Amino acid sequence: MRVSYDELKNEFKRVLLDRQLTEELAEECATAFADTTQAGAYSHGVNRFPRFIQQLEQGDIVPNAIPTKVLSLGSIEQWDAHQAIGNLTAKKMMDRAIELASQHGVGVIALRNANHWMRGGSYGWQAAEKGYIGICWTNALAVMPPWGAKECRIGTNPLIIAVPTTPITMVDMSCSMYSYGMLEVHRLAGRQTFVDAGFDDEGNLTRDPSIVEKNRRLLPMGFWKGSGLSIVLDMIATLLSNGESTVAVTEDKNDEYCVSQVFIAIEVDRLIDGKSKDEKLNRIMDYVKTAERSDPTQSVRLPGHEFTTILSDNQANGIPVDERVWAKLKTL
């Protein structure tokens with residue numbers, strides 16, 4: 001089924017107002033979830049909203065909390081989120097990173113005691129839309145086994161890198177082959193994953209999303225490489241923010257909250273003139289896109305370019321929402 005942007009946003013806002021959020025905060029939060037869903041990140045928009053409400057009701061999310069700056073070192077700042085709403089706080093932090101980059105050429109914000117930021121790509125895109133390179137990542141609950149283990153000891157720790165091309169080029173990836181949100185998308189669609197997603201109970205690679213959702217044996221992206229990347233991203237976020245690590249969140253909290261996040265903006269325009277920038281970036285993109293196709297019916301993919309098409313389609317034709325997800329939203 002498809003619903004209009006306003007219909008979806010109004011449902012989000014209704015639920016938030018019922019949980020005693022202020023009118024202003026409910027409007028801002030509902031807009032963020034609707035924007036994420038309309039942009040095509042269904043797994044971290046409408047699909048994730050019931051989980052957000054669960055954490056709100058548990059007290060993991062403190063809606064009226066105000067993030068505060070703890071430390072300033074020129075182009076680097078350390079902030080404390082105080083468990084405020086994750087996606088709204090993340091937007092503010094990337095805005096601040098952009099402000100610092102406009103002054104220093106680069107801006108780095110390290111955030112502690114944060115909540116799940118929903119679609120991490122939103123914040124890389126936010127920087128790229130303003131002409132900056134945007135880089136951000138978060139640590140997370142231990143929901144993935146490190147390479148060589150069965151037991152979950154590392155987070156999926158999503159990493160986003162966005163470049164101000166036309167259209168925007170952006171990598172938005174967890175350190176696993178699939179996030180749990182994308183496993184849900186495949187399961188709801190009644191299909192297997194396109195590549196191996198994890199291990200079954202016997203240790204064999206599997207593309208069955210329901211098996212991996214149940215046994216939580218995600219496959220790290222690039223095998224040992226994704227495992228290693230997850231670990232170092234966790235270390236850096238923990239050090240820069242003086243916040244909680246994956247092990248601390250996993251062992252000391254009763255759910256995924258008080259995570260650590262990093263937001264980086266890099267100003268490009270003072271490093272290279274606009275004409276040269278466009279020529280160099282277009283040459284890279286053209287070189288990639290004109291490679292001989294392995295499948296003549298499938299175009300060569302540049303990361304993030306599909307979101308421009310998805311957004312246009314959803315704006316014109318309504319936003320796809322799984323009927324089961326919509327029914328659940330209506331009951332909240």
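Glycine residues also receive a Cβ, built from the backbone N, Cα and C atoms like all the rest.
According to Swiss-Prot:
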ACT_SITE  His44  active site, proton donor
BINDING   Ile168, Thr169, Met170, Val171, Asp172, Met173, Ser174, Trp224, Lys225, Gly304, His305, Glu306  NAD(+) binding site
Secondary structure of Asp172 (NAD(+) binding site) (DSSP, helix/strand/coil): strand
The residue listed as 'active site, proton donor' versus binding-site residues Ile168, Ser174, Lys225 - nearest by Cα: Ser174
Reduced DSSP assignment, His305 (NAD(+) binding site): coil
Residue with minimal Cβ packing [other Cβ atoms within 10 Å] among the binding-site residues Ile168, Met170, Asp172, His305: His305
Close in space, distant in sequence - Ser174 (NAD(+) binding site), Cβ under 8 Å, 6 or more apart: Thr156, Asn157, Pro158, Leu159, Met221
Entry from the recorded positions list His44, Lys225 having the most other CB atoms no farther than 10 A: His44
Annotated NAD(+) contacts Ile168, Thr169, Met170, Val171, Asp172, Met173, Ser174, Trp224, Lys225, Gly304, His305, Glu306, maximal Cα-Cα distance (Å, integer): 29
